[in-house]
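First the structure, in the form of structure tokens, and then the observations on it.
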Amino acid sequence: MATRFKHQFSISLALTFFFFFTKTFSFTENEELGNLLRFKASFDDPKGSLSGWFNTSSSHHCNWTGITCTRAPTLYVSSINLQSLNLSGEISDSICDLPYLTHLDLSLNFFNQPIPLQLSRCVTLETLNLSSNLIWGTIPDQISEFSSLKVIDFSSNHVEGMIPEDLGLLFNLQVLNLGSNLLTGIVPPAIGKLSELVVLDLSENSYLVSEIPSFLGKLDKLEQLLLHRSGFHGEIPTSFVGLTSLRTLDLSLNNLSGEIPRSLGPSLKNLVSLDVSQNKLSGSFPSGICSGKRLINLSLHSNFFEGSLPNSIGECLSLERLQVQNNGFSGEFPVVLWKLPRIKIIRADNNRFTGQVPESVSLASALEQVEIVNNSFSGEIPHGLGLVKSLYKFSASQNRFSGELPPNFCDSPVLSIVNISHNRLLGKIPELKNCKKLVSLSLAGNAFTGEIPPSLADLHVLTYLDLSDNSLTGLIPQGLQNLKLALFNVSFNGLSGEVPHSLVSGLPASFLQGNPELCGPGLPNSCSSDRSNFHKKGGKALVLSLICLALAIATFLAVLYRYSRKKVQFKSTWRSEFYYPFKLTEHELMKVVNESCPSGSEVYVLSLSSGELLAVKKLVNSKNISSKSLKAQVRTIAKIRHKNITRILGFCFKDEMIFLIYEFTQNGSLHDMLSRAGDQLPWSIRLKIALGVAQALAYISKDYVPHLLHRNLKSANIFLDKDFEPKLSDFALDHIVGETAFQSLVHANTNSCYTAPENHYSKKATEDMDVYSFGVVLLELVTGQSAEKAEEGSSGESLDIVKQVRRKINLTDGAAQVLDQKILSDSCQSDMRKTLDIALDCTAVAAEKRPSLVKVIKLLEGISSSVSPVSA
């Protein structure tokens with residue numbers, strides 16, 4: 001009886017626990033779902049990235065975007081990763097009621113608020129990543145309330161002020177990343193108490209001005225220490241010998257001085273990367289730096305180091321990148337460096353090295369770049385160099401190399417850049433037909449003899465060719481005119497004969513001088529005088545015969561043309577011309593481009609099968625410019641090389657459509673950046689953009705031949721690369737599509753606010769008009785306001801940005817009200833006012849009152865020199 005009772009009791013107890021846990025699990029699951037929905041409700045989600053977050057029995061919340069669940073023992077939310085979803089709004093603490101949440105990643109979004117202290121309620125949270133947002137304000141003392149955190153990443157925001165001492169109370173912290181912010185002051189001693197720290201990143205905080213604190217040497221678990229591009233000065237602490245776990249040390253781009261501690265190298269046996277470049281360090285090469293045999297990257301460049309490189313560097317069997325350029329190193333360059341099995345990059349420019357490049361360089365099978373300009377290397381360039389099939393850059397100008405180039409010099413299938421100018425090389429230039437990817441070849445200032453190899457014409461991507469100051473003879477090969485040469489310099493040789501016409505028309509005369517036997521248009525010798533005897537000796541009969549033959553051929557071709565045209569009257573032809581080695585088919589292009597787009601100008605992003613991204617600009621050629629003329633005009637513009645001008649990589653055309661193919665820029669247009677996230681562009685970046693655009697405009701209108709005007713400058717035609725370097729686009733389109741089509745394009749796609757007043761009645765485009773458009777772009781940079789956003793005046797009239805600004809600055813303290821309040825600070829207000837004055841001068845109604853581009857550049861450079869760089 002007792003046994004039966006016990007059995008019934010056990011069953012009852014089990015059922016009780018079952019129903020209890022079932023109810024608990026059901027309650028917890030519903031609670032989790034509700035917390036997540038409240039968390040989502042606080043966001044602005046313009047792309048609908050979280051549209052799948054809704055209450056439905058068909059989709060468990062553990063399967064929602066960004067949600068990861070863990071069994072503990074049943075399924076619970078443990079991680080939320082909403083990286084790069086264009087989210088904004090407020091960060092709610094409703095997720096702190098998720099009892100097992102350990103990981104929260106909201107990086108690469110647009111959250112615009114102070115550091116959310118309310119998340120300190122998340123008592124189980126171990127990782128908090130808010131990097132690459134618009135987080136602003138200081139790090140509060142209450143940061144210590146995040147007691148469970150192991151990872152803090154607030155990098156790439158607008159966090160300012162001093163690093164609080166209370167940060168040192170987070171004893172569990174393993175990763176602290178505060179890089180790319182606006183922090184000031186010193187690194188507090190409390191950071192030295194974070195004994196579990198593995199990663200410390202305080203880089204790119206230019207106002208963090210102090211010596212590197214010695215207490216950092218106590219962090220013996222530290223594997224990454226990143227202090228680059230900040231305001232650190234003084235010496236490298238000797239206490240760093242205590243960082244025995246360190247793998248990456250980056251102190252570059254600071255103001256450090258003194259020597260590298262002698263015991264540092266032997267102590268850091270786990271070191272993989274050491275970068276102390278661009279400081280003011282001195283002394284000798286750090287001894288024992290390869291004692292751990294793990295070093296991959298060694299960057300000592302742009303300092304004041306001297307002495308020789310020790311042969312012990314041969315112990316660096318893992319070394320891939322050696323950068324020691326721009327120092328005072330001397331002595332023989334270690335032979336062992338040339339045969340390291342993993343070495344990829346050797347940069348030793350601007351030192352006083354001697355020695356030779358040995359035949360054993362062939363053992364460096366991974367070698368990609370050699371840059372040893374301005375040293376005292378000697379001997380012959382070895383046959384072994386041609387056996388390195390990975391080599392794509394060999395730059396060794398201003399040395400003492402002698403002898404002939406080996407026949408296999410250009411056998412690397414990826415070789416793109418060769419500069420061996422200003423040496424003592426001699427003999428004939430070898431056949432370089434294997435260098436199919438050669439873009440730049442400079443052999444200037446040597447003693448080469450013989451003729452220019454005709455095979456150079458087979459190098460279809462060759463863009464720069466400098467053969468000046470040699471002893472070359474013979475004719476300039478006709479085939480060279482088929483290349484897209486941005487530079488062709490054969491001055492001071494012994495060349496003779498007629499210069500191919502297209503080469504003469506696109507070259508400065510100085511690139512041909514010093515060849516008295518050359519003749520052609522614009523040269524001292526006219527080739528027609530050489531044929532005078534032909535006319536004197538009865539060549540008229542031959543001329544008449546040739547004319548008759550030409551007429552017969554022309555008649556035949558005309559008949560053939562009319563016949564063929566009838567057959568293909570309705571058949572369109574696809575044509576293309578590329579200046580860089582990539583493949584693009586009509587199918588790939590038309591897959592991206594909708595042919596029913598309205599006339600005007602559109603930009604598409606095209607992804608090739610290789611993964612490379614291209615920008616494609618669609619234009620309408622309403623004038624039906626001939627194929628020959630179109631090619632000539634695009635080639636003229638494609639030859640332009642300037643760091644602030646977008647490269648044209650090629651073009652395609654079909655019927656009345658033209659597609660210009662540009663290099664892709666990662667950060668889009670200035671217009672989009674200002675509209676979307678203007679406060680991500682601090683003043684130093686905006687000033688860099690202004691100066692770059694002005695320099696690009698001046699280059700195309702004054703330095704480049706033929707002189708060009710932009711005629712369509714606006715913020716939407718200024719693109720930004722990954723470093724926010726401006727790239728000018730869409731200039732001189734009138735040369736490509738013709739004036740009529742260009743005017744239609746401008747009227748359809750450009751707001752008149754960018755257009756100079758005289759453009760409405762003047763028949764001639766001028767530099768003053770470009771200056772006016774540039775002034776409007778300057779106003780956008782200074783005010784943060786889109787030029788296309790008109791306001792209504794007191795009388796009901798529409799005011800463009802120029803009129804708006806001019807009216808506002810007439811009010812009391814109006815100039816200060818005009819400046820972009822999102823980035824305005826005491827440190828930049830004066831410079832922003834100066835730039836505003838330049839913008840107002842550029843947008844003067846009377847063209848003659850506007851400054852020249854040269855003057856604008858000088859004024860902007862004067863402002864730029866006083867601005868401290870701040871990372872965007």
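Note: Cβ is positioned from N, Cα and C throughout, glycine not excepted.
Keep in mind that what you see is a predicted model, and the values were worked out from it rather than measured.
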Which one of Asn419, Asn594 gets the tag N-linked glycosylation site in Swiss-Prot?
Asn419
Which residue among Asn129, Asn644 does Swiss-Prot mark as N-linked glycosylation site?
Asn129
Candidate set Asn489, Asn810, annotation N-linked glycosylation site, source Swiss-Prot, matching residue:
Asn489
So of all those recorded positions, Asn55, Asn86, Asn255, Asn374, Thr585, which one's Cα sits nearest to Asn129 (N-linked glycosylation site)?
Asn86
Using Cα coordinates, what distance in whole Å links Asn489 (N-linked glycosylation site) and Asn419 (N-linked glycosylation site)?
14
Which residue among the glycosylation sites Asn86, Asn129, Asn489 has the fewest other Cβ atoms within 10 Å of its Cβ, if you could check?
Asn86
Measuring Cα to Cα, tell me the gap between Thr585 (phosphothreonine) and Asn86 (N-linked glycosylation site) in whole angstrom.
33
Using the alpha carbons only, what distance in Å do you get between Asn55 (N-linked glycosylation site) and Asn255 (N-linked glycosylation site) once rounded?
56
Within 10 Å of the Cβ of Asn255 (N-linked glycosylation site), how many other Cβ atoms can be counted across all chains shown?
13
Would you count the other CB atoms within 10 A of the CB of Asn374 (N-linked glycosylation site), including those on all shown protein chains?
17
Long-range Cβ environment of Asn63 (N-linked glycosylation site), under 8 Å and at least 6 residues apart:
none
Taking the Cβ of Asn419 (N-linked glycosylation site) as centre, how many other Cβ atoms lie within 10 Å?
20
